[in-house]
C-alpha cells in the first residue's frame with residue numbers, strides 16, 4: 001500500500017458573500033458604539049442632570065410657600081421666605097424701639113400682619129415667648145403702615161401697654177420698654193414697597 005496524500009481546496013464564502021446569501025448581517029453584542037453615539041449619550045445625561053437641578057431649585061424656592069433655603073436669592077441669609085415676603089425672627093431681645101431700628105437698618109420693618117392667614121402661618125413658627133411686631137396703640141391700635149387692626153383682637157390689661165407683640169396664642173399688648181424677641185418683614189427685592 002502506498003501512502004498517498006490527497007489535497008483538497010475549500011472555497012469558503014467571504015463575509016460580504018455570506019451577507020448577500022443570508023440577508024443583513026447582525027452586529028454582535030461585543031461591537032463598540034461609535035464615538036458620536038457616546039457623545040450623544042453624554043450630552044443627554046448632562047442635560048437630564050441640569051434639568052433636575054433646575055427643577056429642584058424651582059421647587060425649593062418657588063414651589064413651596066415658605067422656605068429657609070440659603071439658595072433662594074430673594075431673601076437674605078437667616079430670613080424665611082413665605083409668599084412674597086421675607087421674615088426675620090430674632091434670637092436676641094430688645095425693647096420695641098430698638099427692634100424697630102434693627103428692622104429699619106435692614107430695609108425692613110417690624111412685622112405688619114395683613115390678614116388672619118398670615119397670622120396663623122406665623123404663629124406656627126412662634127413659641128410661648130412674645131415677639132415685637134409693628135403694632136402700636138396711638139388712639140386705637142394701628143400698624144406701622146397706618147392701617148388699623150381690624151381682623152383680630154389684642155389682649156391688654158394696662159394703659160401703659162401701648163406696643164403690640166405676638167406669640168403662638170395670639171396678639172398681646174405690652175409695655176414698649178420690655179425686652180422681647182421681634183419679627184421683621186420685608187419684600188424680597190429692595191426696589192419694592194415695604195408695606
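From the backbone N, Cα and C atoms, a Cβ is placed for every residue, glycine too.
Features as listed in Swiss-Prot:
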- 1-38: topological domain 'Cytoplasmic' (TOPO_DOM)
- 5-10: motif 'ITIM motif' (MOTIF)
- 39-59: transmembrane segment (TRANSMEM)
- 60-195: topological domain 'Extracellular' (TOPO_DOM)
- 65: N-linked glycosylation site (CARBOHYD)
- 75-86: disulfide bond (DISULFID)
- 82-185: domain 'C-type lectin' (DOMAIN)
- 97: N-linked glycosylation site (CARBOHYD)
- 103-184: disulfide bond (DISULFID)
- 137: N-linked glycosylation site (CARBOHYD)
- 150: N-linked glycosylation site (CARBOHYD)
- 163-176: disulfide bond (DISULFID)
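Shown on the structure are the features that Swiss-Prot records.
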| residue | record | DSSP (3 states) |
| --- | --- | --- |
| 75 | disulfide bond | coil |
| 86 | disulfide bond | strand |
| 97 | N-linked glycosylation site | helix |
| 103 | disulfide bond | helix |
| 137 | N-linked glycosylation site | strand |
| 150 | N-linked glycosylation site | coil |
| 163 | disulfide bond | strand |
| 176 | disulfide bond | coil |
| 184 | disulfide bond | strand |
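Among the recorded positions 86, 103, 137, 184, the ones whose Cα sits within 10 Å of the Cα of residue 163 (disulfide bond) are 137, in sequence order. Of all the recorded positions given, namely 75, 86, 137, 150, 176, those whose Cα is no farther than the 10 Å limit from the Cα of residue 184 (disulfide bond) are 86.
Across the structure, residue 97 (N-linked glycosylation site) and residue 137 (N-linked glycosylation site) are spaced 14 Å apart at their Cα atoms. Broken down with DSSP, the topological domain 'Extracellular' (60-195) shows 24 helix, 43 strand, 69 coil. For the pair residue 86 (disulfide bond) and residue 137 (N-linked glycosylation site), the Cα-Cα distance reads 25 Å. In sequence order, 95, 96, 97, 136, 162, 163 are the residues near residue 176 (disulfide bond), counting only same-chain partners six or more apart with C-beta under 8 A. The CA atom of residue 137 (N-linked glycosylation site) is located 13 Å away from the CA atom of residue 150 (N-linked glycosylation site). The least crowded of the glycosylation sites 97, 137, 150, judged by other CB atoms within 10 A of its own CB, is 150. The C-beta environment of residue 75 (disulfide bond), restricted to residues of the same chain at least 6 apart in sequence and closer than 8 Å, consists of 81, 86, 188.
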